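Chemist: Below is one structure. I have some questions about it.
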């Protein structure tokens, strides 16, 4: 009996050791976040073991588990008409609020979900719930894009899917079918979806044949560059739930169908060293020492290698492709962008991606709202349903919808 109690105490201690992470004092719901992160880590380690045994790709297994867990949740949508459609070969889910008296046209949001270009779905309860609430709160038609995922396809197919679906929706006859006001359309997304939304918005702004373009773009903790993995936020939050630095680097490698052997070189910025000629012309566009406020730079120093590995860019040229890394776009493109909202979180490796993009857009003459949250973490906005419900999720979602309501 005594041995059983000793074993139980040892297991409890090991569990606490596995779950506990030192978090900043400002993080909301810290223990709940630790438990969420521990669950993610355990599941990811299991998926990587399955991958190592060559039973299946780890991302396929991880997405299967996410969708299986998601089926346990139930989200009501009695007042919103939810239909699945295909826009130019791309699956979408459309959320339509009921028609109101004397109302001819509605505003609209094209939404692109996050998940590292590899996980989640427009059909999961997390995004179903977000888009339903957006449709209800804004009285707007919300089009949620179900782009194809890694490893089924890699860059640039996710970008092409998002672009095709958006361009299809922007056709006058399609907007008329959904009773949408062509002058009141926003494009939006979170995390990797924010990446796709920004890239699609840039592409649309350069398309001379388009007669209808988004009025706004709204980016939620977007991932916008793979040039520098040592910005202050990457250094400060390298081990932060839910997105540690090494996980973000692996998402990039998977997106580009690259070699995991490059992971450490990417982490120390060997791919953009001073002797890598292809990267030189982009360096001035991502100088965080001039783009970030002192409150974000803090005591951190730039990590710039003198000599690096040019073969990384040669093998993965998409690392410098603006369709994948919209923060590196030239100023002429940025000047064409619509009024912009960018939400960032202090406890997020991607904080500086969003802050730098806001500054570059502002320098280019675009009206920008940077909505920064000191107590929030990456991915928080979709975590509003039990058991993964966080006060940070409600807080950020309300602020985001409020901005859309006031500006769309």
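Note: Cβ is positioned from N, Cα and C throughout, glycine not excepted.
Pulled these features from TrEMBL for this protein:
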DOMAIN    109-266  domain 'Alpha/beta hydrolase fold-3'
ACT_SITE  191  active site
DOMAIN    321-381  domain 'Alpha/beta hydrolase fold-3'
ACT_SITE  348  active site
ACT_SITE  378  active site
Chemist: Can you check which residues sit near residue 191 (active site), meaning Cβ under 8 Å from its Cβ, same chain, 6 or more apart in sequence, and list them in order?
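Modeler: Non-local contacts for residue 191 (active site): 114, 115, 116, 220, 221, 222, 223, 350, 378, 379.
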Chemist: Give the sequence-ordered list of residues that share a chain with residue 348 (active site), lie 6 or more positions from it, and have CB atoms under 8 Å from its CB.
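Modeler: Sequence-distant Cβ neighbours: 221, 233, 237, 240, 243, 376, 377, 378.
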Chemist: Could you break down the residues of the domain 'Alpha/beta hydrolase fold-3' (321-381) into DSSP helix, strand and coil, giving a count for each?
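Modeler: Per DSSP, the residues of the domain 'Alpha/beta hydrolase fold-3' (321-381) fall into 22 helix, 19 strand, 20 coil.
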Chemist: Mean pLDDT for the domain 'Alpha/beta hydrolase fold-3' (109-266), as a whole number?
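Modeler: Reported value for the domain 'Alpha/beta hydrolase fold-3' (109-266) is a mean pLDDT of 96.
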Chemist: Could you tally the C-beta atoms, other than its own, that fall within 10 angstroms of the C-beta of residue 378 (active site)?
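Modeler: Looking across every protein chain shown, the total is 25.
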